[in-house]
Amino acid sequence: MPKRQDIKSILIIGAGPIVIGQACEFDYSGTQACKALKEEGYRVILVNSNPATIMTDPGLADATYVEPITPEVVAKIIAKERPDALLPTMGGQTALNTALSLRRMGVLDRYNVEMIGAKPEAIDKAEDRALFREAMAHIGLETPKSRLANATDIKDHDRKSHEAERSALKAKLSGDELDKALDELENQWNLGEGDRKQRYVNHAMAIAAQALDDVGLPAIIRPSFTLGGTGGGIAYNRSEFFEIVGSGLDASPTTEVLIEESVLGWKEYEMEVVRDKADNCIIICSIENIDPMGVHTGDSITVAPALTLTDKEYQIMRNASIAVLREIGVETGGSNVQFAVNPENGRLVVIEMNPRVSRSSALASKATGFPIAKIAAKLAVGYTLDELENDITGGATPASFEPSIDYVVTKIPRFAFEKFPGAEPTLTTAMKSVGEVMAIGRTFAESLQKALRGLETGLTGLDEIEVPDFDDNGDGRNAIRAALGTPTPDRLRMVAQALRLGMSEAEVHEACKIDPWFIAQFKAIVDMEARIREHGLPADAENLRMLKAMGFSDARLATLTGKRPKEVAELRNALNVRPVYKRIDTCAAEFASPTAYMYSTYETPFVGAARSEAQVSDRKKVVILGGGPNRIGQGIEFDYCCCHAAFALKDAGYEAIMINCNPETVSTDYDTSDRLYFEPLTAEDVIEIMRAEQENGTLHGVIVQFGGQTPLKLAEALEKNGIPILGTAPDAIDLAEDRDRFQKLLMKLDLNQPNNGIAYSVEQARLVAGEIGFPLVVRPSYVLGGRAMQIIHSESMLQSYLLDTVPGLVPEDIKQRYPNDKTGQINTLLGKNPLLFDSYLTNAIEVDVDCLCDGKDVFVSGIMEHIEEAGIHSGDSACSLPVHSLGTDMVDELERQTGALARALNVGGLMNVQFAIKDGTIYVLEVNPRASRTVPFVAKTIGAPIAKIAARVMAGEMLDEAIAAYGKKPNPRNLKHIAVKEAVFPFARFPGVDTLLGPEMRSTGEVIGLDTDYALAFAKSQLGAGVDLPRDGTVFVSVRDEDKERVLPAIRILSDIGFKVMATGGTARFLGEQGIVATKINKVLEGRPHVEDAIRNRQVQLVINTTDGNKAISDSKSLRRATLMQKVPYYTTMAGAEAAALAIKALKAGNLEVRPLQSYFET
């Protein structure tokens, strides 16, 4: 079936900011879809608010809207662009929910827009729990016993009543009078949303109480139309049940939850399926979760293909998954179907399905090489699978050829519980991981151990771990069983530790329900470790190769034998035990693959020597090291830089080689670089690739500055191995990190720095803190994302930091050296990585500056003014570009100081400087001579691909020459528009965690607001970040004394546009003296009714609150948590409060307009 000719333009909805449950995988799928549809000649319109994505590059779609993804804003885009079709399956849950809202609002019908890829009926049937259950029963497939709790009946009644009122007005009035009456009716309807929602929740809770009697405990609660299991969980008792149901009903846009019988401990599988209009169906990949049911699949360790199914079981599941797609009605694209299997009797039940490209689709694509998103986009416009070629095999096979793989893929999630003190590190059906790593090996053991070291959490393999409450002298088995029975990020290591401590495989299985086959595999690794400890390293190549084929890294072998990793590497090289590289080709080597998508293995065939499929070219080449698994502080922004480096180097005639291990990213797409190695980013793995590539052609160098801290840590090892590093020298990067050397540089350049000190021990830390005085900022050296960075207000806080926080940074090898000596552990760590202390500059303005330098010339690409005060991590701060309150002289001086620093460090490529301005004096906070997370934001705002320019400079071009390759040199100080970047946080995922921001980064993603007006740009940034700014209602104000004068402009604006004001005693008194009427309300500590009650009763629509001192911060924690749970916008800085007030005023005036990114740079 040829492509459709009746469609000319297609709107793609992206996924928006990176959040837990929806990450880079949708940039990957969206980018593939944009390219695939443009390739077919369609006009592509894209909406996505995330500036850090490749898909929002202005050259990818024909019209790129970096606007908030809300139904109202997307409706404006549709009205402006009039697309023929809407593709909602590439942007995760955000895109699906937005598309369904547009349909319900009548927007799609009004503008005659057809939904392609997945019909609305199919989405409803898959996402609506009741419809899905009925559909499965219709085709004879079981689902777990369940009951729905919702408020459908009273919702329908409310909607009909509202429509009746509208009809009555239309019958009675006309013209302007009718329009005014309808607007007033809608306004009243919208104001009553909170009350209606509460009624719906109460009604659904009553149904849930009845359902509990039917389903029993434990019960699994699954909210409808949510992302990554948001709001759901497992209830083991009645109080947990009602708490989780309440949370789920609140999270569900349809106020509906499914209450399901427990299938805890059952085996979990996923099938990735693609179907076309001609009913051709192929299974791309089967995926098996090592963790049993009860852990969200995004938080589970998974393998592909499924390893514990018999062929008969696989065929049953394969047929069932195809039947599910047919029944749901998915006929143009990919879907993933999740199953649970009872290991006792083989009973198979369907858990759910996603009628769209998903996180699992990205994993399946990278695991097999099959480009699911690209094929799905083409199926959506009418093609059938047999009409499309498989790119990986160079067209030797059609897309209808079902992929087969001759290796094992392991995915392990990465968590960030350390960023959220107080969060329970227990895994449930609500997703909590922030990233993932994927590894490929010829055996499960090789794949698993590669994935473990690829996580970059300090693991070298299946490392030892301490069992909580384990007693060597008594019976420790109960402690082990308890640890095994609780799903945590470390459970896999706990299984290995239980086997080391003598538990049988059967006992371990009984405690954790992980399949016995996997436990036997872990036992084989543990037994081999014991042999290595006893006998040392083998002296012959055959046995050493056998250990490497089991996935043992040089570092792990060194730990087991008491040697250094360098000694193991030397022995390995002397015995010529080296990896070979195999290709991922979708066809298990049945056809030759021209696509250089590779992984390493030490496994040898039964006959003859191992054969490498690397086919190293004779070209001049540059290697780019990626960022590894996403984590807070190091995410999609760095992947964006790596992709741009690959694009630029290809433009400049180099062979671009990418090394990365993150399955979610565009950088690990097979066509981003010329050659892709899907490998862990460790010194051992990277150096082996370099050696392989040096066998032919010329290795011009390696780029370590684009992937965040991950590749920077490898710079020293690469340099020692004679591998040229492009751009800024590692010594200059070290100078910027080394407090003593950096201080001398600033003194030489006559630049200011906050009063500071450095501590190499616990005792020295106390002395340095005493000299600087409180408040102060403390952080470990050589970290990214402000890891373990804190503002310290008192001696007791410092003591807590030293004895509670710092021990969490101590690596395993130091802990093992000083098993019962916490101070010894800390001092050993600080001896190499000291603590850095800075005086905390209160009420200072923080500024981020990005620049490019070729060692001589400097181009300042962006000066960003933070809306939060100094002391909030720059990655968590909202900021504007260009600056909005700094004068020309100040900007001139910031440019001068940036240029001086770049030249002094002899920067080749990108550099980021963070300044603080207090009382007219500029202080240098830190310098990062590498890519920063603001690079994509700056690039989108000024209209220049600065990461591409930097890559060419690093390869040897002069700055002006590299800029000229991409058009005219922009002038960031002369923009006719303003951009505001806002951070997005995962606090709702971590109950009990304080939402107060500080110097440790906690955001997972970001959005951009772009407009010619600052207030509207800020408004768009808030809407994009999910903050629904109120147009009417009550603002609650409580600020410290020093902020009372500064809060007045914001309160006057809000009061003038009709907001009521509520305030605590001191603030209410002050506002009254200034002529502003404010209703007094109690603080939480002053007795009830207090402000928290008002927030929970939906009497407050906006909060402005600042606190000072440790006790006040602690006392106001419950207030911050209440605003989060009730989704009330909350501002903690005066600049933020004023920006919000101006934004609300602009929104109320109805001034919000949408424009494509390209239009801002048209001359």
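Yeah, the Cβs are placed from backbone N, Cα and C, and that goes for glycine too.
In Swiss-Prot this protein carries:
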REGION    148-170  region 'Disordered'
DOMAIN    185-381  domain 'ATP-grasp 1'
BINDING   Gln338, Glu352  Mg(2+) 1 binding site
BINDING   Glu352, Asn354  Mn(2+) 2 binding site
REGION    457-614  region 'Oligomerization domain'
DOMAIN    743-955  domain 'ATP-grasp 2'
BINDING   Arg779, Ser839, Leu841, Glu846, Gly871, Ile872, His873, Ser874, Gln914, Glu926  ATP 2 binding site
BINDING   Gln914, Glu926  Mg(2+) 3 binding site
DOMAIN    1027-1163  domain 'MGS-like'
REGION    1027-1163  region 'Allosteric domain'
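Positions of the features from Swiss-Prot, shown on the structure.
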residue : record                : DSSP (3 states)
Gln338  : Mg(2+) 1 binding site : strand
Glu352  : Mg(2+) 1 binding site : strand
Arg779  : ATP 2 binding site    : strand
Leu841  : ATP 2 binding site    : coil
Gly871  : ATP 2 binding site    : coil
Gln914  : ATP 2 binding site    : strand
Glu926  : Mg(2+) 3 binding site : strand
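Packing against the region 'Disordered' (148-170) from elsewhere in the chain are residues 129-130, 178, 181-182, 185, 189, 196, 199-201, 203-205, 207-208, 211, 224, 245, 249, 254-259: each is 6 or more residues past its ends and has a CB under 8 Å from a CB in it.
Counted over all residue pairs in Arg779, Ser839, Leu841, Glu846, Gly871, Ile872, His873, Ser874, Gln914, Glu926, the record's binders of ATP 2, the longest Cα to Cα distance measures 18 angstrom. For Leu841 (ATP 2 binding site), none of the binding-site residues have C-alpha atoms inside a 10 Å radius of its own C-alpha, out of Gln338, Glu352, Glu926.
Note on proximity: of the binding-site residues Gln338, Glu352, Asn354, Glu926, the one nearest Gln914 (ATP 2 binding site) is Glu926, by Cα distance. For the domain 'MGS-like' (1027-1163), residue counts in helix, strand and coil come to 69 helix, 19 strand, 49 coil, using DSSP.
It is Asn354 that, of the binding-site residues Gln338, Asn354, Gln914, has its Cβ surrounded by the most other Cβ atoms within 10 Å. Long-range C-beta contacts of Gly871 (ATP 2 binding site), restricted to its own chain and to partners at least six residues apart, with a cutoff below 8 Å, comprise Val777, Ile791, Tyr840, Leu841, Thr842, Ala844, Glu846, Gly998, Pro999. When pLDDT values are averaged over the region 'Oligomerization domain' (457-614), the model yields 92.
Within 10 Å of the Cα of Arg779 (ATP 2 binding site), not one of the binding-site residues from the list Gln338, Glu352, Asn354, Glu926 places its own Cα. The binding-site residues listed here are Glu352, Leu841; among them, Leu841 has the most other Cβ atoms within 10 Å of its own Cβ.
Within the same chain, residues at least 6 positions away in sequence whose Cβ sits under 8 Å from that of Glu926 (Mg(2+) 3 binding site) are Ala736, Val913, Gln914. In this structure, the CA atom of Gln338 (Mg(2+) 1 binding site) is 9 Å away from the CA atom of Asn354 (Mn(2+) 2 binding site). Within 10 Å of the C-beta of His873 (ATP 2 binding site) we count 22 further C-beta atoms, all protein chains included.
Sorting each residue of the region 'Disordered' (148-170) by its DSSP state yields 19 helix, 3 strand, 1 coil. There are 18 other CB atoms within 10 A of the CB of Arg779 (ATP 2 binding site), with all protein chains counted. Recorded residues Glu352 (Mg(2+) 1 binding site) and His873 (ATP 2 binding site) have their alpha carbons 39 Å apart, per Cα-Cα distance. Asn354 (Mn(2+) 2 binding site) sits 36 Å from His873 (ATP 2 binding site), taking the CA atoms of both as reference points.
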